[in-house]
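J.: Below are the structure tokens for one structure; questions will follow.
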Amino acid sequence: MQVTAMDVYRLLPKTNCGKCNEASCMAFATKLIEKEVTLDDCPQLSGDERQKLENLLAPAVKEITFGPEENQVVVGGDEVLYRYELTYYNPTALVVDLPDDLPSEELLNRAQRIMELEFERTGEKLTLDAIALRNRSGSPEKFAEAAEAISKLNFPVVLCTFDVEAMKAALEVLGDQKPLLYAAREDNLGEMAELSVSYGCPLVLFSPGDLEEMKNLSRRLRSLGVTEIVLDPGTFTGEGIGDTIDNFVMIRRLAVEDGDDDFRFPIMGIPALSRLTVSDKIEANIREATVAATLMNRYADILILAGTEIWEIMPVLTLRQGLYTDPRKPQAVDPGVYEFGDVDENSPVILTTNFSLTYYTVEGDLKSGDVTAYLLVLDTEGRAVDVSLAGGQLNGPAVADLIKETGIEERVRDKVMIIPGLAAPASGEIEDDTGWRVLVGPRDSSGIPDYLDKLASE
């Protein structure tokens, strides 16, 4: 059952002291539910009441952190099965494989590429999250050398080996950066648990295709003092992808719907395994990206990839960005006037809405077309042109208010405004309420540069 603000309020001091910077304890309770504040913000909380609140507010899937303190990765924290029920928290961590037997220069170059890979979409920089250092050499010494080399990068690391001695050697040089340890299984459970507790590092539990065994091993790990666990039920690709999806879904259902403490942990998938049966590199990249997208849509909190080609990574990062936006909050930019190029009193004025995807699409088209113009961004509550037109947010009075608030009228000589083609039905109303001449522009912002060239030649 979902926790309400009243459930939280009953356990708060109810003094309305304001030390949390909220007007009342009820307001603080509401923000706790929305995860906008933390229990640490209430100085009067202590003892049993705080513990009760921690238990009450604990998400269905426990949050796990790994990586250096100033560059930590947080995974888990979800409370629902379906995004529309609330939202998803803590985007899937995308981790890239780095074998320890690469020549030292190549090892560092690949690590640097992983760290620096990024692209911008709708104003947000999308990047990879961590390196998976894999003990491909089978040598504890080689594993430790590679761990020491990448420790200087101060970047989150997943240490991948079933060999306890190799894990020990790597932790001696990297343990203070809280790497994620991969992995414990039945034959090394006790030793890996001891390392996890000793170094304070989270531990992956590997039990391929057997959820009953996973449940038993998870319980044993917790009895040994391991509190931060990640579950890997195995990534079977090809004809086995259906079994993989079933296992991921069952684990998350057991956590969210049944509250099964043995499964209330983040899930790891390894799309890199899809490469094992493919010889063609391009086909391998495509298959890996497909598996990554599939598992991300089915509750994967951490994914280990092998490819670093930007054309493979881009769709996975784009899917993650879309999946982890909050459906309760429209994605919007600040309304107002934005300048492109060296504007003056003769520069055209273009109208658009403050829906993020709309704004950044228009921005990209104006920049790529080397357009000099004023861009008026109307507050449509984060809705696109056609949606805001239908919903009544894009209207004459709203545009008139925007003109007044921005002072754009004093910055241009001619009162001429270009509106999106989809906003044509509102052109007359905008003209009447603003007193400006309204021109209906192209339906797609990619046509703006040619449209302006045509206007200038008339």
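Backbone N, Cα and C atoms are what each Cβ position is placed from, and that goes for glycine too.
Annotations per Swiss-Prot:
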BINDING   Cys17, Cys20, Cys25, Cys42  [4Fe-4S] cluster binding site
DOMAIN    1-59  domain '4Fe-4S'
J.: Using a 10 Å radius around its CB, how many other CB atoms surround Cys25 ([4Fe-4S] cluster binding site)?
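T.: If we count other Cβ atoms within 10 Å of Cys25 ([4Fe-4S] cluster binding site), we arrive at 21.
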J.: Using a 10 Å cut-off on CB atoms, tell me which of the binding-site residues Cys17, Cys20, Cys42 is the least crowded.
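T.: Among the binding-site residues Cys17, Cys20, Cys42, the lowest count of other Cβ atoms within 10 Å belongs to Cys17.
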J.: For the domain '4Fe-4S' (1-59), give the DSSP counts of helix residues, strand residues and coil residues.
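T.: So the domain '4Fe-4S' (1-59) is made up of 28 helix, 0 strand, 31 coil.
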J.: Given the [4Fe-4S] cluster site residues Cys17, Cys20, Cys25, Cys42, which other residues of that chain have a Cβ within 8 Å of the mean position of their Cβ atoms, reported in sequence order?
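T.: Once Cys17, Cys20, Cys25, Cys42 are set aside, the remaining close residues are Leu12, Pro13, Thr15, Asn16, Gly18, Lys19, Glu22, Phe28, Asp41, Pro43, Gln44.
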J.: Mean pLDDT across the domain '4Fe-4S' (1-59), rounded to an integer, is what?
T.: 89
